[in-house]
Amino acid sequence: MSWIERILAKPKINKRRGVPEGVWSKCTACGNIIYKADLERSLNVCPKCDHHMRVTGRSRLDIFLDKDNREEIGTDLEPKDVLRFKDSKKYKDRIAAAQKSTGENDALIAEKGTVKGVPLVAVAFDFNFMGGSMASVVGAKFVLAAEVCLKHRIPLVCFSASGGARMQEALMSLMQMAKTSAALARMSEEGLPFISILTDPTMGGVSASLAMLGDIHIAEPKALIGFAGPRVIEQTVRQTLPEGFQRAEFLLEHGAIDMITDRRDMRDTVARLLAKMQNLPSTEATEVSVNE
């Protein structure tokens with residue numbers, strides 16, 4: 001090889017090995033690249049911008065409840081395609097696909113357990129299951145959870161994450177709004193606390209029923225909360241909505257919710273509130289310091 005060929009020859013570049021999948025995550029708000037193990041330790045909250053990423057319903061209960069003495073409620077309930085509904089796809093096929101991808105039987109998970117030693121029932125919507133939509137099984141499982149609360153005289157905590165009622169079940173889905181509201185009315189008559197925790201997003205029939213019937217309403221930061229979406233409202237009223245409209249901070253400022261709590265502080269906050277609401281003796285829960 002001549003001297004000119006040596007100069008013009010392309011240098012050998014060692015190809016970098018591919019990064020294994022599942023090692024890194026990207027914040028959907030600020031674009032920060034986060035080591036997945038660090039993200040899990042921060043409960044899926046971005047360590048740079050504090051953006052609260054969406055989590056599954058089961059993960060939310062695992063984060064919230066104490067590890068021991070947990071009992072799942074309504075595991076035998078299965079959705080049925082009574083109407084034989086079909087849009088671009090058969091409803092029964094949508095159910096099967098959602099069950100396969102999430103590992104859940106429907107969009108609500110309910111468990112009896114404790115948080116910092118305080119007994120309760122906690123339910124959580126899974127937005128990954130058909131948008132967390134409320135259907136017959138969701139309503140039935142929520143009512144079962146309320147009945148367990150009534151039987152054992154313990155409070156109920158609900159984590160909402162839903163697009164609203166499930167259109168494939170039509171009127172039967174809308175009936176769950178009344179059904180769940182009636183169950184909460186029974187709890188209220190018995191003086192049992194219900195804390196509603198609004199996460200991103202809480203919309204439609206869920207926001208118009210059980211999600212806004214709490215004794216206390218807590219939201220995660222910047223959660224989208226409302227009935228119709230902002231784009232639909234703007235198209236209907238033909239006006240530009242205020243900045244931050246339907247976000248948790250906007251609702252807090254206008255008195256629609258009681259407080260906004262970081263996910264990493266949720267266990268402490270709820271345990272302390274429940275201890276006060278039930279006049280429990282001095283426990284670990286009552287000693288937690290919460291910024292109010």
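Cβ coordinates come from backbone N, Cα and C, glycine included.
Checking Swiss-Prot for zinc finger across the ranges 27-49, 188-210, 257-279 points to 27-49. Of the listed binding-site residues Cys27, Cys30, Cys46, the Cβ environment within 10 Å is emptiest of other Cβ atoms at Cys30. Apart from Cys27, Cys30, Cys46, Cys49, the residues listed for Zn(2+), the same chain places the Cβ atoms of Thr28, Ala29, Gly31, Asn32, Ile34, Pro47, Lys48, Asp50, His51 within 8 Å of the centroid of those Cβ atoms. For the zinc finger (27-49), DSSP puts the residue distribution at 6 helix, 4 strand, 13 coil. Sequence-distant contacts of Cys49 (Zn(2+) binding site), defined by Cβ-Cβ distance under 8 angstroms and a gap of at least six in the same chain, are Cys27, Ala29, Cys30, Asn32.
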